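These notes are about the structure you will find just below.
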Amino acid sequence: MSIPGLGLIPEKPATSASRTYTLEPRQEYRFSVSHGASITITLTRGTAERDGTELALNVAYTLSGVKSKILSWHGANLSIEGITDHESVAGPDDAANTAHLNLHAFLQRSREAAARNNGGGRSAPHGPRVLVAGKTGCGRTSLVRTLAAWATRTGAQPMVVDADPGEGLLTLPGTLSAAVFGTVMDVASEGGWGAAPSSGPSAVPVKLPLVFYYGRRRVEEDRDLYKGVVNSISSAISARAADDPAVRSAGMLIDTPPYVEGKGADVLIHIAEELNVNIIVTIDTPSLHTELTQRFSGVKNVLGEHVSVVALDKSSGVMERDEGFLQHMGEASIKEYFFGDAKITLSPFTQQVAFDELAIYTSPEASDYSAEPGALERIPQPLPEMAHWVLAMMDAAPNDPPHKIRYAPVSGFVYVAAVDKERRRMKILAPVSGRLGDKPLVWGKWPEPHINLLG
């Protein structure tokens, strides 16, 4: 039964028994599944969605290593099998879902207005460009994913930008990325977006992201480099939107790094200005809302639009993810990139490569650091400490200037399985076969090598 006044069904302990939940209109099934465990969710009646993406009726979805929720607007029955850390049913008193739906309706009207006037070529109007900001654990990513899913259900093709290097949108952590979403997302994937592009088949249409390499976890580790990467992805996005009226009229949804009280607003302002944002959404962060409102009051972006700053409350369904959980997520994404997941098994290629055939770059140490943001230096000899690191393969020539290499798009990633310093050889794991010396490789500072993929 519900707890009086809260509309909550008490949390149940971890269980592997089959059970059924009946969701009344606007109720949510909230659950947490650890890495190594899994649950299977089947919608047996009604309609329900995970972060905006609808579940198909009588289709079993298996999820592992997630903290998430299933929302039903009109009522549903869910059949659950497997082990959860905890689970509960909540609602319908969480006003955040209604606020999110109202925001979507406003954005959709803006998209439709832009689409009606998109016959003017590159000068045609843009759809809404929305930046979502807030502290760690406020639900930024969940809101962006939900808005993107709802947009695709109307036939729109929004550009989704992940400016938070801590996770990775359809790619590995330590990157900034962007992708056009015009088809359904993968309900069963850990992040809810889908898997990174690979050489294997996919049950859900694959999205091909634009990826740029930061190689650090937090913005404050190298603000100048981070801003330079933002500039690079902004240029690539602008070119993509200029050539595609459907993408331009659908607008943009931007997930941002977590706001740190007192020192994070300048980065958010830089992102907003570079990507010509006209709507900023702050979640449960009054001080940030006040600062951004003051900063953009009376200010127009380069497209001549005023910038609106909107405050939303945090959903009660947002679950905290601790450091251990996030580390497991990062490790899982790396394993999945090379080896696939439970649904698709991939067979990466292992090569023994002469070090001198490769062009591997890294950032200079702090004491030698160039004044130029994003400086790189070529590594002159194989280093044993490179073992078990993931290197970014850049879309550039090996002898291009370091600045051009650093801010080039990423073509893919390789994994250093072993380093033989004496013989000057390296054992490299790559998702596809091919020469590795044709593209420069960049060795970042994160994600750190917590796992041995071949061990």
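Start at 1 and count along the chain as shown; that gives each residue its number.
A Cβ is built for glycine as well, from the same backbone N, Cα and C atoms used for every other residue.
Per Swiss-Prot, the feature ATP binding site maps to Glu28, Lys67, Gly137, Cys138, Gly139, Arg140, Thr141, Ser142; the stated evidence is sequence analysis. DSSP assigns Lys67 (ATP binding site) to a strand.
Residues annotated as region 'Disordered' in Swiss-Prot: 112-131.
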Densest Cβ neighbourhood among Thr141, Ser142 (binding-site residues), 10 Å radius: Ser142
Pairwise Cα distance maximum in Å, ATP-binding residues per record: Glu28, Lys67, Gly137, Cys138, Gly139, Arg140, Thr141, Ser142: 19
Residue, out of the binding-site residues Gly137, Gly139, whose Cβ gathers the largest set of other Cβ atoms within 10 Å: Gly139
Which listed residue (Lys67, Arg140) has most other Cβ within 10 Å, given these are binding-site residues: Arg140
